[in-house]
């Protein structure tokens, strides 16, 4: 989990556009963010494993 203070700080509009960054909508993690889903890789993995993301399957070849 991310610090609550950092999540609140990120929600404010930054003074400069380059300071804006993406955070996971579920846990607030700033790294390994997937734009298409709006969540980090860890949350993506958990949700995909539970079958809560439609159209996502585990790769097997």
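Placement of Cβ uses the backbone N, Cα and C atoms for every residue, glycine included.
Annotated features in Swiss-Prot:
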- 24, 27, 40, 43: Zn(2+) binding site (BINDING)
What does DSSP assign residue 43 (Zn(2+) binding site), in three states? helix
Which entry in the list of binding-site residues, 24, 27, 40, 43, has its Cβ near the fewest other Cβ atoms, using 10 Å as the limit? 27
Taking the centroid of the Cβ atoms of 24, 27, 40, 43 (Zn(2+) site), which other same-chain residues have Cβ within 8 Å of it? 23, 25, 26, 28, 29, 33, 39, 41, 42, 44
